[in-house]
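Now, the feature entries from Swiss-Prot:
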REGION    1-61  region 'Disordered'
ACT_SITE  His128  active site
ACT_SITE  Asn201  active site
BINDING   Tyr415  heme binding site
REGION    459-493  region 'Disordered'
Amino acid sequence: MSQHNEKNPHQHQSPLHDSSEAKPGMDSLAPEDGSHRPAAEPTPPGAQPTAPGSLKAPDTRNEKLNSLEDVRKGSENYALTTNQGVRIADDQNSLRAGSRGPTLLEDFILREKITHFDHERIPERIVHARGSAAHGYFQPYKSLSDITKADFLSDPNKITPVFVRFSTVQGGAGSADTVRDIRGFATKFYTEEGIFDLVGNNTPIFFIQDAHKFPDFVHAVKPEPHWAIPQGQSAHDTFWDYVSLQPETLHNVMWAMSDRGIPRSYRTMEGFGIHTFRLINAEGKATFVRFHWKPLAGKASLVWDEAQKLTGRDPDFHRRELWEAIEAGDFPEYELGFQLIPEEDEFKFDFDLLDPTKLIPEELVPVQRVGKMVLNRNPDNFFAENEQAAFHPGHIVPGLDFTNDPLLQGRLFSYTDTQISRLGGPNFHEIPINRPTCPYHNFQRDGMHRMGIDTNPANYEPNSINDNWPRETPPGPKRGGFESYQERVEGNKVRERSPSFGEYYSHPRLFWLSQTPFEQRHIVDGFSFELSKVVRPYIRERVVDQLAHIDLTLAQAVAKNLGIELTDDQLNITPPPDVNGLKKDPSLSLYAIPDGDVKGRVVAILLNDEVRSADLLAILKALKAKGVHAKLLYSRMGEVTADDGTVLPIAATFAGAPSLTVDAVIVPCGNIADIADNGDANYYLMEAYKHLKPIALAGDARKFKATIKIADQGEEGIVEADSADGSFMDELLTLMAAHRVWSRIPKIDKIPA
């Protein structure tokens with residue numbers, strides 16, 4: 001049993017101190033107070049150890065989660081056994097000939113344990129290896145039966161389980177979350193008609209037009225083959241060499257170099273289906289559609305210095321934020337949006353709907369929000385659910401169909417092929433996380449890791465010995481068999497691109513012109529940083545030349561940062577034409593249209609010994625009322641005592657929970673001298689200021705203005721007052737809703753943090 005200090009029952013001591021006690025396998029080692037168990041209710045980020053989803057949210061259920069109950073294995077109150085069920089008496093020592101003699105080969109317990117360990121890892125995904133996932137549900141707002149016969153979109157009362165995986169693209173499974181990269185946004189709908197996978201990204205387009213170039217693009221962006229550098233980054237020669245030679249990449253590169261490439265969290269990130277798909281209604285009428293996910297928490301990003309520092313200070317930042325948000329009850333929510341284009345309008349635009357490097361501007365075709373997805377439960381086991389999840393754009397249900405997008409067509413082959421390689425064979429659909437919730441029966445048989453036991457004596461069709469079961473289902477308006485859309489197709493066999501795919505610069509220009517001034521600065525900074533890592537000068541020059549074909553102002557700014565002088569020819573390049581006459585589309589900017597609120601955000605409160613209790617209580621009350629989480633920080637762990645004797649537990653140190661991980665900083669009034677000379681506290685405020693975060697200083701905490709070199713009274717983004725009254729907190733919360741103090745940008749270059 002745990003040994004408790006007599007004076008402090010909450011102080012735990014190690015139960016093992018010497019070799020005579022090195023047999024813990026039969027003892028209870030948990031604290032008697034039960035503090036090792038998670039609370040089965042929402043808790044603020046970091047307040048308790050994280051827990052498997054079924055322990056933290058046992059009452060959160062849906063049809064898919066219920067089906068997973070059959071394969072979940074808890075170990076509490078069970079004997080330790082081998083994989084064959086044999087109880088183990090000693091799990092501490094190998095079988096030896098004498099206590100100092102050789103280990104015996106007959107030790108089947110050792111052999112099984114080591115062999116299994118040696119084979120625990122499976123091949124990671126070629127791309128999107130680094131990812132995090134969550135369970136949830138989707139519910140449409142109304143029946144969409146006029147445009148699709150898909151059952152899960154036909155009834156506003158129908159709730160469909162989902163499993164969503166977010167990911168980066170370039171880096172390996174152990175790379176950092178906050179690198180500059182495109183993010184994957186893959187959703188598995190467990191519908192009553194089968195599985196539908198919407199396998200998208202956080203950009204509405206991709207780098208290439210034809211799947212034939214996918215291996216080349218991925219080879220170029222991945223670590224360079226001769227030395228496997230860099231990890232989780234595109235800032236290297238081979239990627240930019242490819243970009244400079246393939247202008248079709250430029251549109252998605254613009255998105256990656258923008259703030260979209262460094263999202264604040266998965267909760268504040270849009271998702272897109274990338275390709276044009278078809279919706280088919282019961283009458284067989286088709287409508288082109290592009291899919292969108294709109295985050296209800298609003299859109300937000302990191303800033304580049306912050307993203308870089310997080311790769312070292314908290315490389316799991318996005319994974320942690322997603323997990324802790326769900327545990328806190330701040331469920332990520334997204335609205336599913338459709339851009340609908342009637343078939344007769346296929347050639348209405350000056351770009352091709354089948355081109356995956358082109359988007360459909362929302363100014364031309366508004367997004368119709370048709371339903372909501374809520375992520376409300378974490379996985380129980382990262383490997384079993386996240387790593388073994390197999391998404392596939394070819395997983396569709398009646399009411400949906402493909403188009404002739406050449407990138408999509410190649411993906412339909414690639415995903416099956418890679419799952420067979422990664423998950424060991426063709427039966428990856430039988431892994432619990434991948435199983436549909438509806439029945440499935442066919443004549444596919446055998447193969448590696450087959451789970452089901454087929455009792456049908458006929459493994460072919462047609463057959464008479466099992467009365468021809470399972471049988472085909474005719475197409476129908478409801479619960480019918482899948483029927484491909486009857487599109488007329490004709491043409492000669494050729495290897496060529498459609499001329500309608502041939503314009504590469506108008507869409508990147510539209511994206512550039514749609515950004516706010518500070519977002520444009522960030523794009524320039526993104527290109528400048530990445531290209532500064534490119535060793536070969538001619539590659540840098542070629543990329544700048546490509547940028548000159550998009551926008552001269554952009555090219556000049558990047559060229560200046562790289563020490564490149566534009567030629568007269570480059571200075572006189574004619575700008576590309578507008579996209580369907582459109583010069584700007586505010587939906588392409590993260591910040592042109594304010595959205596979202598402060599619920600689920602995190603504020604750091606830098607405490608001092610003898611902090612004014614009344615101020616702190618007012619601060620905590622105001623934050624709680626808006627669903628904002630507070631972290632009490634100090635120079636050391638333990639407790640501090642307020643001016644009225646209240647004892648306050650410390651959540652983390654100034655260094656342990658850096659300003660990178662919070663959205664705003666408050667320093668309440670009190671004994672400020674206690675932390676005034678603390679380097680970590682001063683750096684905390686300086687760094688938060690540099691990263692454009694709101695800062696609130698109450699009473700004598702205003703002395704910290706000198707730290708960040710603020711002399712002016714009333715600078716935007718700095719809230720100051722004699723005490724933390726209602727107006728003090730209202731001003732701070734208003735600033736937080738804007739996410740950053742963008743007006744501060746001209747000042748931050750002087751901040752050394």
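Placement of Cβ uses the backbone N, Cα and C atoms for every residue, glycine included.
His128 (active site) and the residue listed as 'heme binding site' are 12 Å apart (CA-CA, integer value). Summarised by DSSP class, the composition of the region 'Disordered' (459-493) is 0 helix, 0 strand, 35 coil. Recorded residues Asn201 (active site) and His128 (active site) have their alpha carbons 10 Å apart, per Cα-Cα distance. In sequence order, Ser167, Thr168, Val169, Gly184, Ala186 are the residues near His128 (active site), counting only same-chain partners six or more apart with C-beta under 8 A. Below 8 angstroms of C-beta separation, residues 149, 151, 193, 278, 280, 282, 284, 286, 396-398, 401, 404, 441-443, 445 of the same chain, each at least six residues beyond the ends of the region 'Disordered' (459-493), sit close to that stretch.
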